[in-house]
């Protein structure tokens, strides 16, 4: 075990080297947070109040909006970000940090599973449209959503337990205004090989497999679309997938970049890591409702009618 002074608190970070202006920096952060809340809330309201949208595709979209509200706002970064940026309250207890990272990572894996469910929904709708309603029944859709949530919770549950076994050194400064497993474990004074192995297993078994199955779904979708004789029908089928493809790219590309930043973090500045982390937690919850509002005709029309009234 490394010799070090044991502490009971972690220190969160605002914007490294920009402490004098971080109150001003928090203004666009808050604006994005509020816009994300409104955007996802509007999506949920429209889906709930319009019986026409009570279909599997929109049910999965509402699940995605709920995870966006929880993941990007009320749980992951907003409480501690506001505490750091507005009140300069940077300390967080170990237990509070472990709870926060558990909720953040479990919702991340849940969201990945929901995106996979949406890919399956698009595959069934294009490959076998006549059996769409019999395959994706309301009960089966609810079970898929529940399984996505349980998967995220069960896979993430060991993380705080493993972290709690360690003691933490005096050098206890985190790179963000919220807690992440890959950051917290590096502050431990003891051997973290189990954490590293399990974290790698989580990434491969959840995000990696989900992304692989999403790619497989779209390979089969493209194969089905290319077999359609009518060029117009081909475009119509592909158009129903564009929103989901955009969201998948918005979700997985930053996640991969984020992982690379952490793996090779020694060669990147704390400012780079901090900015990437904040952008990842802010932009995704904001972009999902924008993408679906712009690219989904039924939701776009409902929003226009709502504001015209």
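Note: Cβ is positioned from N, Cα and C throughout, glycine not excepted.
Any TrEMBL annotation is an automated prediction that lacks curation.
Database features, via TrEMBL:
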DOMAIN    39-292  domain 'G-protein coupled receptors family 1 profile'
TRANSMEM  23-47  transmembrane segment
TRANSMEM  59-86  transmembrane segment
TRANSMEM  98-120  transmembrane segment
TRANSMEM  141-163  transmembrane segment
TRANSMEM  196-221  transmembrane segment
TRANSMEM  242-263  transmembrane segment
TRANSMEM  275-294  transmembrane segment
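Counting Cβ pairs closer than 8 Å to the transmembrane segment (196-221), the top stretch among 23-47, 98-120, 141-163, 275-294 is 98-120. The predicted model assigns the domain 'G-protein coupled receptors family 1 profile' (39-292) a mean pLDDT of 84. For the transmembrane segment (98-120), the list of distant contacts is 57, 60-61, 63-64, 67-68, 70-71, 75-76, 80, 92, 144-145, 147-149, 151-153, 155-157, 159-160, 163-164, 178-181, 184, 202, 206-207, 210-211, 213-214, 217-218, 244, 247-248, 251: same-chain residues at least six beyond its ends, Cβ to Cβ under 8 Å.
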